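Copied over from Swiss-Prot:
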- His111, His115, Asp304: Fe cation binding site (BINDING)
- Leu134, Val135, Ser136, Gly137, Gly138, Asp167, Gly180, Asn276: substrate binding site (BINDING)
Amino acid sequence: MLVLGLETSCDETGVALYDSERGLLADALFSQIDLHRVFGGVVPELASRDHVKRMLPLIRQVLDEAGCVATEIDAIAYTAGPGLVGALLVGASCAQALAFAWDIPAIGVHHMEGHLLAPMLEENPPQFPFVALLVSGGHTQLVRVDGIGQYELLGESLDDAAGEAFDKTAKLIGLNYPGGPEIARLAERGVPGRFVFPRPMTDRPGLAFSFSGLKTFALNTWQQCRDAGDDNEQTRCDVSLAFQQAVVETLTIKCKRALKQTGLKRLVIAGGVSANKALRASLEDMLGSIKGNVYYARPQFCTDNGAMIAYAGCQRLLAGQQQDLAISVQARWPMEQLPPL
């Protein structure tokens, strides 16, 4: 089965072709970072308009790259949520229009299920069951995964997601959008131990997260340095390092708890923050200490992309899941509501 995947949940237009027998044939991505940077964050209306502009050229690009023609496509998968409604509607309407024109099925895919399954595109994919850490700009969740659609939420953030905290903290200390990569870059030049930030909610049992207080702690630290005339580039690097260390250690502690609670020794990390090198290194060390394994996608498939949507949609289509031509998207969509395969 050859599936065209379309991703438009936020500020990246992703298109890919995935074949159930040959694997990923082509993928293309257009990032809107430059468009939104001047505003310090994503502007939903601008995001939607740019998706409209980029979608068809990217579809042509992946067809050319794969050496395929439209008549060879068996189905279309598109992101149906969660995400920005206007942006989601661009991908959904394009998918359903093409599906109607080509007389093929279209299926809406859960954005975070796409992220969760992205490591399946790698040479050494994880085997079920496993614990997944979904960590992005909109989500920080620990999930037990027994199969596709078989998800048990173990814990999640009570306020800001980890990726959101990265971006907001970066903005507070004067870094450009997107803030996560900027903090990671500056943290490499930070002096360890100059600042020590708290590890929120690690002093109590449970698997819930909270990052809003950590963001406030970073702001107060930066303001104190600024009041003392010490708001220079090195201080910015030191604050970035302290913040990143706090987030990484918090996530690592909670992952270790989740693995102990479930009795599993396989961990998948997925979502944009999973590209963070410090997080990967910390989780690899932790899994090594308990003789477990950690899995993640290549960096280009950690952030939003069409390949993960094509793959996830293909699995559900192969299992016989169908959908009518109604255009339906959801800004919020708990992953536990998905039907199991």
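In case you wondered, yes, glycine gets a Cβ from its N, Cα and C as well.
Distribution of Swiss-Prot features across the structure.
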{"residue": "His111", "record": "Fe cation binding site", "contacts (Cβ under 8 Å, 6+ apart)": "Glu7, Ser9, Thr79, Gly81, Pro82, Gly83, Asp304, Ile309"}
{"residue": "His115", "record": "Fe cation binding site", "contacts (Cβ under 8 Å, 6+ apart)": "Leu134, Ser136, Ala270, Gly271, Met308"}
{"residue": "Val135", "record": "substrate binding site", "contacts (Cβ under 8 Å, 6+ apart)": "Gln141, Ala161, Ala162, Gly163, Leu251, Ile269, Ala270, Gly271, Gly272, Val273, Ser274, Leu279"}
{"residue": "Gly137", "record": "substrate binding site", "contacts (Cβ under 8 Å, 6+ apart)": "Cys10, Ala161, Gly163, Glu164, Asp167, Gly180, Gly272, Val273"}
{"residue": "Gly138", "record": "substrate binding site", "contacts (Cβ under 8 Å, 6+ apart)": "Pro82, Gly83, Ala161, Gly163, Glu164"}
{"residue": "Asn276", "record": "substrate binding site", "contacts (Cβ under 8 Å, 6+ apart)": "Gly180, Ala184, Gln244, Val248"}
### Query
With the Fe cation site defined by His111, His115, Asp304, which remaining residues of that chain have Cβ atoms positioned within 8 Å of the Cβ centroid?
Glu7, Ser9, Thr79, Met112, Gly114, Ser136, Gly271, Asn305, Met308, Ile309
### Query
Hey, what's the Cβ neighbour count for Asp304 (Fe cation binding site) at 10 Å?
26
### Query
How far apart, in Å, are the two Cα atoms that lie farthest from each other among Leu134, Val135, Ser136, Gly137, Gly138, Asp167, Gly180, Asn276, the residues recorded as binding substrate?
17
#### Entry: Secondary-structure category, per DSSP, in which Asp304 (Fe cation binding site) falls
coil
